[in-house]
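The structure under discussion appears below in the form of structure tokens.
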Ligand SMILES: Nc1ncnc2c1ncn2[C@@H]1O[C@H](COP(=O)(O)OP(=O)(O)OP(=O)(O)O)[C@@H](O)[C@H]1O
Ligand SMILES: C=C(C)CCOP(=O)(O)O
């Protein structure tokens, strides 16, 4: 059973304060992951107040690249430092976590199509490690370097590793409808187009709308849920909103 789980940057950082880890939220997530002790778990984390802040500052986004090496490095460095904290906390809780930095392995061509070699992640999994990837900057032909979101990594990993379960843990308990109630199941974008806004704070990768779009493109159902439902997701229960594009 292969599980791909993204810890939202909004969950593990204080998104309003640049480069600040939300220690309590991260510790709670790490405890849940440690308690679940899953066999084949791949983790991805987002940028929160680390990557998005730096990306905004240096004018780099999913579509706008940069050739400014110090700027590109500042974005990567912020993400790497957040990744360091997450890997260290996981290891301290007994989880055999190791980093996989997308900048060093992934690339986009001149059409912005992504190549993400999965061998490092696959081999780590086979050897009993828990690979921890993160939203990052990647080299892009004719554009310098652009952002890759944690959500895009999740969909690539889910497909490439034939994941059995996919979860996005965000700050909200699921995708809200017009009345603020959690929608139990989304099977097509038209169903939610009107209610899906972007993220409330600095977020260069599109917030909830892009999450739903990305998950709808998967073959298997995925779940969007809040931190309170992380133990349930890890236990194999359904949590938050199920996004099931295969049912379309
Ligand atoms: N209909 C909706 N239902 C739920 N959340 C919504 C909706 N529309 C917009 N949002 C916003 O989407 C946010 C979640 O997206 P965001 O990109 O911040 O999540 P994340 O993955 O946790 O963070 P990051 O992108 O930093 O990793 C919520 O905090 C909320 O403000
Ligand atoms: C902004 C950067 C570098 C990463 C974005 O990843 P996300 O928070 O998953 O959208």
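Positions of Cβ are set from backbone N, Cα and C atoms, glycine also.
Annotation comment: TrEMBL describes 6, 7, 8, 9, 10, 48, 207, 211 as ATP binding site. In the three-state DSSP reading, residue 7 (ATP binding site) counts as strand. When other Cβ atoms within 10 Å of the Cβ of residue 7 (ATP binding site) are tallied across all protein chains shown, the result is 28.
Marked as substrate binding site by TrEMBL: 47, 52, 150.
Feature annotation from TrEMBL assigns domain 'Aspartate/glutamate/uridylate kinase' to 1-217.
If you look up TrEMBL, you'll see 15 marked as site 'Transition state stabilizer'. DSSP assigns residue 15 (site 'Transition state stabilizer') to coil in the three-state reduction, outside any helix or strand.
The maximum pairwise C-alpha distance among 6, 7, 8, 9, 10, 48, 207, 211, the residues recorded as binding ATP, is 15 Å. In terms of Cα spacing, the recorded positions 6, 10, 15, 207, 211 that come within 10 Å of residue 47 (substrate binding site) are 10, 15. Across the domain 'Aspartate/glutamate/uridylate kinase' (1-217), the prediction's mean pLDDT works out to 93. Note on proximity: among 6, 7, 52, 150, 207, the binding-site residues of the record, the Cα nearest residue 15 (site 'Transition state stabilizer') is that of 52.
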